[in-house]
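Structure first, commentary second.
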């Protein structure tokens with residue numbers, strides 16, 4: 001690999017002295033709804049405090065990556081609250097050398113080394129995990145229950161987001177729901193424990209820290225909506241006024257580059273908000289450039305009046321941003337266009353149930369004239385797809401879609417394709433008006449923004465039912481079924497387009513003018529009749545004869561009924577009773593342990609690990625695949 005450019009890394013020399021960083025937060029919340037071994041009740045916490053042995057602070061539960069010490073743990077009415085000290089110069093070096101200097105480009109004075117470290121560790125390890133000893137059936141908690149505290153990306157217990165700062169009071173201050181007695185007790189116990197440490201530092205090794213930090217990133221890289229989850233945990237912990245979770249556009253600090261923005265954000269719904277100069281698109285940050293804009297009822301283009309209504313004021317809608325070479329539409333409307341484009345146009349139907357030919361008239365009373373381009377009257381050629389009304393497969397799909405939509409609405413989730421309902425109350429940084437300040441120190445209870453630029457919102461209490469309803473993996477099967485139903489609808493539309501007679505699968509019929517006394521011709525198609533079957537007209541349907549007179553041209557010889565050539569019988573319809581079982585995937589061998597094991601086998605079985613890692617569920621869409629195979633096989 002090529003060497004990094006001089007400006008890609010921090011240019012200041014790295015000192016040998018560690019910056020003391022205080023960390024504070026809740027180890028658990030009593031009313032969070034944690035289940036199983038993760039649940040901690042007030043009686044258990046009171047029995048475990050104060051701990052007999054000092055509690056170490058490590059990274060991601062790695063025993064060889066100890067970076068600090070827990071100074072104090074107090075029993076708050078909301079849950080156990082701790083204060084710790086991190087003093088590891090090797091951890092600071094690893095973070096500083098791995099970070100690019102472009103992250104901290106900003107207007108105004110540059111950030112100090114302490115501020116850069118706080119931004120890095122707060123964004124990389126925003127959560128904490130308490131490891132407790134596993135209690136047996138008859139065992140009771142004692143002062144050896146707590147084993148250690150680990151810094152991690154996302155903890156399994158709710159409300160375990162921590163704050164980092166270089167001052168003890170500044171680390172505790174953001175927790176607005178912490179009781180005054182707990183705040184004062186934590187401050188007093190932490191100061192006493194820090195004096196006993198007398199400037200101690202920890203040095204687990206650069207290689208061990210690098211391996212552990214990389215493992216943390218790999219184990220959490222597929223975590224869905226990581227920052228939304230951090231936001232929810234942050235609100236549960238009652239954190240407000242903490243600034244070191246701020247970051248912004250292009251992975252730089254807020255205010256890194258001047259951006260020309262309209263007077264009002266384009267998502268506020270103002271008509272003038274979409275009037276953006278053409279040059280502003282090229283200057284916009286990469287994260288904000290998106291070909292599809294979701295809005296709430298704002299007319300983006302007058303090209304599609306059914307989906308994009310013109311404002312009632314009568315003024316023409318402003319031109320969308322860009323040079324005019326592409327169209328900006330909502331994602332839900334785009335999906336409707338794609339699905340509707342493949343649907344065939346309805347053909348005009350006659351009274352007999354088949355399409356009426358253009359420029360032709362039906363047989364009238366005896367002696368009436370005939371059209372020069374009248375096709376043979378063969379009603380049985382046209383399959384049932386030409387008749388109006390949904391097919392049984394369409395009715396099943398429509399019923400399934402309606403049931404899924406009703407279930408989502410009953411569960412409090414927005415229906416698919418509804419851009420007007422948001423799953424969370426957060427706002428993006430470009431939604432804030434010019435009068436809103438991100439650093440308003442006059443409002444101590446305000447919810448300040450954090451990465452990736454969420455504006456403050458109204459404070460909300462802890463809602464365990466909402467957290468349980470939006471837990472990961474709840475509606476993965478329903479989402480997969482919705483995708484399967486959409487694919488079936490599109491495939492059905494393509495099939496209807498291909499099988500629409502007489503333009504799709506039937507060969508063109510020659511113009512024929514029957515003579516008096518001739519039997520009505522019949523034609524067959526190999527794809528529509530079974531083997532050894534010939535369709536003949538019913539005996540009571542005798543055609544009307546044309547008027548007597550010389551023919552304008554020589555009559556075409558009548559068509560002779562032809563039998564369909566015998567073909568292979570159709571495959572039997574699979575059923576649930578005769579369907580072969582799905583192949584069973586072989587079990588994967590356990591992954592090899594790295595150079596830094598989390599703990600020995602005996603210790604791992606005796607501790608309760610409260611950190612979480614991203615889990616890839618390979619069986620998420622298996623139910624949807626079975627549904628698709630059954631629907632396709634029953635057609």
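The backbone N, Cα and C atoms fix where each Cβ goes, glycine too.
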Segment assigned the feature motif 'Nuclear localization signal' in Swiss-Prot (from 398-401, 402-405, 422-425, 426-429): 426-429
Cβ packing number for residue 129 (active site, charge relay system), 10 Å threshold: 25
Pairwise Cα distance for residue 129 (active site, charge relay system)/residue 61 (active site, charge relay system) [Å, integer]: 8
Residue 129 (active site, charge relay system) - helix vs strand vs coil (DSSP): strand
Local backbone state of residue 61 (active site, charge relay system), from DSSP in three classes: coil
